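To keep things clear, I will list the structure first and then write my remarks on it.
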Ligand SMILES: Cc1cc2nc3c(=O)[nH]c(=O)nc-3n(C[C@H](O)[C@H](O)[C@H](O)COP(=O)(O)OP(=O)(O)OC[C@H]3O[C@@H](n4cnc5c(N)ncnc54)[C@H](O)[C@@H]3O)c2cc1C
Ligand SMILES: NC(=O)c1ccc[n+]([C@@H]2O[C@H](COP(=O)([O-])OP(=O)(O)OC[C@H]3O[C@@H](n4cnc5c(N)ncnc54)[C@H](O)[C@@H]3O)[C@@H](O)[C@H]2O)c1
């Protein structure tokens, strides 16, 4: 049987395009179907836009610390100028990717993709056939089903705001709210975070989260825990948010950041017996769905590891190698670092502090009050702290880092964990001095000894 394509991808995010490029480079005939912006969430309205907007705030946070120590002057950031920069920069990425696809003879089909049968995908009213199909449809923001839900905004809308509202209320104290609130409060907005649970960032070490919450509170963010939002109403000027517990907040903008849900509906999965649930499409250890030549990749997969860009890219690379016969083994994930862009940043990788506490026979927890020990290397970050988890073989099994530089340092830790480095290995290496990473490596060496 001859098909139109060797491989068709539904969705053009990281879960798809890494494999599409590898397969096209290997001589396969490839098509990518995309209903929205080419290259997906991360590239257009996720990580990249967030990172671009966040970066200057890191300098502002640094200047604030020196100001408090009586050194230097305060900096300022204009959201309007920053957003104009973002709007010049980010929209160039999708056309760049389109150019790359064209150069590699990858057909980009703009439209909504839906499985019609085991080898046929409908793209709006057209149909194409393929030997293999990859479902990389990602996630979308969850939307609270409350009175006034049409007045709620999502992260994509926030990342497009030409001017920052005076009063912003975030619903949910998860990653998106904490990252956006970090920026908004520094520019003087009145910021509320309304959270259903009794704490923020539930997946991260309580100690580290408490430090970040306290710092945001000191900067003016008002946290409201144990509150379920019931309704949002339009006032003559602004909005009124009410919770079931009786909290009432007058605000100008409400961002619903209560999680993200997989795009599994209206894909034709049911007719082919492809199983899915609230967490995504069910796959086996080869990322195959119930139909073996139909794979799922990235955020849309039902999985317990973090739904992040690097995991989507890893899965995409795996699928390409599997289809090419380069790798026939089940997928094996290395440890996955994750990072919250607050000040300080919170990063963690490998065995968590909670897991280590629950298994004291196998893990030792080493707390390093980094900012207090080595002030000159932490740029006045007194609160910087590392928690290192060491296994019985005296290897690093996990770590959580609290520091503005955690985003870079966590990759070094990831490398040490994956390479199973021991203190003796680190002793054979020379690192540049002085610097945060040098001090981190010394702390690890001591912990592993
Ligand atoms: C605000 C925000 C910030 C983030 N920050 C980070 C970060 O700092 N670090 C990090 O690692 N991750 C971050 N993420 C997560 C990251 O964006 C995702 O993990 C990543 O984009 C997943 O890639 P994907 O290809 O699986 O899905 P996506 O990038 O969402 O791509 C899926 C694509 O499929 C398309 N699609 C869906 N259904 C169909 C259909 N039926 N037909 C055609 N096309 C379809 C969609 O339009 C979309 O373009 C962030 C996410 C958000 C929202
Ligand atoms: N730095 C990063 O890696 C990064 C950054 C942004 C987004 N992301 C991606 O986006 C996802 C995070 O999205 P998010 O922040 O929307 O979700 P989240 O799951 O991190 O947080 C949602 C929060 O909303 C709360 N909540 C749920 N229902 C509620 C209700 N009715 N009222 C009040 N609070 C409620 C939850 O208790 C939770 O604390 C990540 O899992 C990741 O996939 C990653």
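Quick reminder: no glycine exception, Cβ is built from N, Cα and C everywhere.
Listed in TrEMBL:
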| type | residues | note |
| --- | --- | --- |
| BINDING | 113, 299 | FAD binding site |
| BINDING | 172, 173, 174, 175, 176, 177, 178, 179, 195, 259 | NAD(+) binding site |
| DISULFID | 42-47 | disulfide bond |
| DOMAIN | 5-313 | domain 'FAD/NAD(P)-binding' |
| DOMAIN | 336-441 | domain 'Pyridine nucleotide-disulphide oxidoreductase dimerisation' |
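Features per TrEMBL, on structure.
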| residue | record | DSSP class |
| --- | --- | --- |
| 42 | disulfide bond | helix |
| 47 | disulfide bond | helix |
| 113 | FAD binding site | strand |
| 172 | NAD(+) binding site | coil |
| 178 | NAD(+) binding site | helix |
| 195 | NAD(+) binding site | coil |
| 299 | FAD binding site | helix |
Here the mean pLDDT of the domain 'FAD/NAD(P)-binding' (5-313) is 97
Ordered by sequence, the long-range same-chain Cβ contacts of residue 113 (FAD binding site) under 8 Å (at least 6 apart) are 8, 10, 11, 33, 35, 121, 122, 123, 137, 267
Taking all protein chains shown into account, the Cβ-based neighbour count within 10 Å for residue 195 (NAD(+) binding site) is 23
Taking the centre of the Cβ atoms of 172, 173, 174, 175, 176, 177, 178, 179, 195, 259 as the NAD(+) site, the remaining residues of that chain with Cβ inside 8 Å are 170, 193, 200, 201, 257
Taking 42, 47, 113, 178 as the recorded positions, the residues having C-beta under 6 A from ligand 2 are none
Sequence-ordered list of residues in the chain of residue 299 (FAD binding site) that lie 6 or more positions away and have a Cβ within less than 8 Å of its Cβ, or none, is 13, 15, 41, 138, 139, 260, 262, 280, 307, 312
Residue 174 (NAD(+) binding site) to residue 47 (disulfide bond), Cα to Cα, whole Å, comes out at 15
Whole-number Å distance separating the Cα atoms of residue 178 (NAD(+) binding site) and residue 42 (disulfide bond) is 18
Taking 47, 172, 178, 195, 299 as the recorded positions, the residues having C-beta under 6 A from ligand 1 are 47, 299
Note: among recorded positions 42, 47, 178, least Cβ-dense neighbourhood at 10 Å is 47
For residue 176 (NAD(+) binding site), the nonlocal same-chain Cβ neighbours (under 8 Å, six or more residues apart) come out as 155, 170, 255, 257
Taking every pair from 172, 173, 174, 175, 176, 177, 178, 179, 195, 259, which the record gives as binding NAD(+), the longest CA to CA distance in angstrom is 15
